[in-house]
Amino acid sequence: MKYELIKKQGRARRGQLQFDRGTVETPAFMPVGTYGTVKGMTPEEVKDTGAEILLGNTFHLWLRPGQEIMKLHGDLHDFMNWKGPILTDSGGFQVFSLGKTRKITEEGVHFRSPVNGDKIFMDAEKSMQIQYDLGSDVVMIFDECTPYPATHDEARISMERSIRWADRSRNEFDRQENPNALFGIVQGGVYEDLRDVSVEALTKIGFDGYAVGGLAVGEPKEDMHRILEHTCPLLPEDKPRYLMGVGKPEDLVEGVRRGIDMFDCVMPTRNARNGHLFVTGGIVKIRNAKHKVDTTPLDPECDCYTCQNYSKSYLHHLDRCNEILGARLNTIHNLRYYQRIMASIRKALEEDRFEQFVEEFYARRDREVPPLKDL
């Protein structure tokens, strides 16, 4: 993988990630394909929304279908027929999400399979091995996602363990002679001094890119913005920066304002299945009764297949009847909406009018632009 920083405006960065499997324009949003599929979509449909890179889930793909089935096909690209690059998370967040059913030790994490209740152990080395078998273009280190809230001491202990696991991840990745990219993950909760320690340790180990982890786990937006404003300037300028698990459309804009290049989130797909559809002015709740007789498209400004061919009335009908097509059309629209935002951000950066884009983005939502700490 090669990263090229093409242009900057303030902290916002316009760049390019170059892989053997294709080029990814940044800032980029990655749809989430947890089980080797973006729910309800064919790979061709996902590509048509503008997506250039997908996220796969190491933890879930390890449990089902497992490494052996994956290797029968070649790798995850072959298994799901996605021709472009794939980033896989390490499984750390999913293990963190298991709550009381898991036990964290220095060696790794003991837990019970959410599929069949079997006792399972995962560590940094195992995560690297699974991701190697998946053929991931971007491999994430195995880390511990610090919960919120956490005391300074709890966050410090968690962050220090993540650093040791990062070192083990790097060593195993190098032992495999994996030709792909390995990203480190900055932890430290909402504490700036701990983020400093994490960044220093990770950059000393050396990675192809750096993720900011442990955010969007329940902390106030102000804390997320503060940590991003503090952390991003500490990261190497010539490496991509990835904000994990984020987020709402405004979170993408705020992340870019603070120097982030890559995002992923289940929100556009999950919300689509629940009838919450993103449009230029905000959100349409398609199951509301008022849409029953509305023959207009979902978003007149959208060029997606759904908006070009169907009315709000039809989408409302599909939702009320619980038709699979409704979830599919909604997902096509929401994914395209996210990709249109990213394309608009990239164009605004190319044309040196990113600040104007931000003002217009919030004006259309009747909201104030959130404050940004001066450079």
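Just so you know, glycine gets a Cβ as well, placed from its N, Cα and C.
Worth saying up front: this structure is predicted, and the values here are computed from it rather than measured.
DSSP assigns ASP89 (active site, proton acceptor) to a strand in the three-state reduction. Sequence annotations record features per position, and here Swiss-Prot assigns active site, proton acceptor to ASP89 based on sequence analysis.
Annotation for ASP264 (active site, nucleophile): same-chain Cβ neighbours under 8 Å, separated by at least 6 residues, are PHE29, MET30, PRO31, VAL32, LEU55, LEU87, TYR242, MET244, GLY245, VAL246. DSSP assigns ASP264 (active site, nucleophile) to a strand segment in the three-state reduction. For ASP264, the entry in Swiss-Prot reads active site, nucleophile, with the evidence type sequence analysis.
Residues or ranges marked as substrate binding site by Swiss-Prot on the basis of sequence analysis: ASP89, SER90, GLY91, GLY92, PHE93, ASP143, GLN187, GLY214. Applying an 8 A CB threshold to same-chain residues 6+ apart, the list for ASP89 (active site, proton acceptor) reads LEU55, GLY56, ASN57, THR58, PHE59, MET140, MET244.
Around the Cβ of CYS307 (Zn(2+) binding site), the same chain contributes PRO297, LEU298, ASP299, PRO300, HIS333, each under 8 angstroms and 6 or more positions distant in sequence. The Zn(2+) binding site annotation in Swiss-Prot covers CYS302, CYS304, CYS307, HIS333 and rests on sequence analysis.
Sequence annotations record features per position, and here Swiss-Prot assigns region 'RNA binding' to 245-251 (among others) based on sequence analysis. Packing against the region 'RNA binding' (245-251) from elsewhere in the chain are residues 93, 215-217, 224, 263-265, 267, 278, 337-338, 341, 361-362, 365, 367, 370: each is 6 or more residues past its ends and has a CB under 8 Å from a CB in it.
Residues annotated as region 'RNA binding' in Swiss-Prot, with sequence analysis given as evidence: 269-273 (among others). The average pLDDT the prediction assigns to the region 'RNA binding' (269-273) is 99.
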Which sequence positions outside the region 'RNA binding' (269-273), separated from its termini by at least 6 residues, show Cβ-Cβ distances below 8 Å to it? 31-32, 38-40, 327, 330-331, 333-335
Round to a whole number and give the Cα-to-Cα distance in Å for the pair ASP143 (substrate binding site) and CYS304 (Zn(2+) binding site). 37
With a 10 Å radius around each C-beta, find which of these binding-site residues (CYS302, CYS304) has the fewest other C-beta atoms nearby. CYS302
Going by DSSP, how much of the region 'RNA binding' (245-251) is helix, how much is strand and how much is coil, in residues? 3 helix, 1 strand, 3 coil
Can you give me the residues near the recorded substrate site, meaning same chain, not ASP89, SER90, GLY91, GLY92, PHE93, ASP143, GLN187, GLY214 themselves, Cβ no more than 8 Å from the center of the site's Cβ atoms? VAL95, PHE96, MET140, ILE141, PHE142, GLU144, CYS145, SER162, ILE185, GLY213, MET244
Between GLY214 (substrate binding site) and CYS304 (Zn(2+) binding site), how many Å separate their Cα atoms? 33
Cβ within 8 Å of the mean position of the Cβ atoms of CYS302, CYS304, CYS307, HIS333: remaining residues of the chain near Zn(2+): PRO297, LEU298, ASP299, ASP303, TYR305, THR306, GLN308, ILE332, ARG336, TYR337
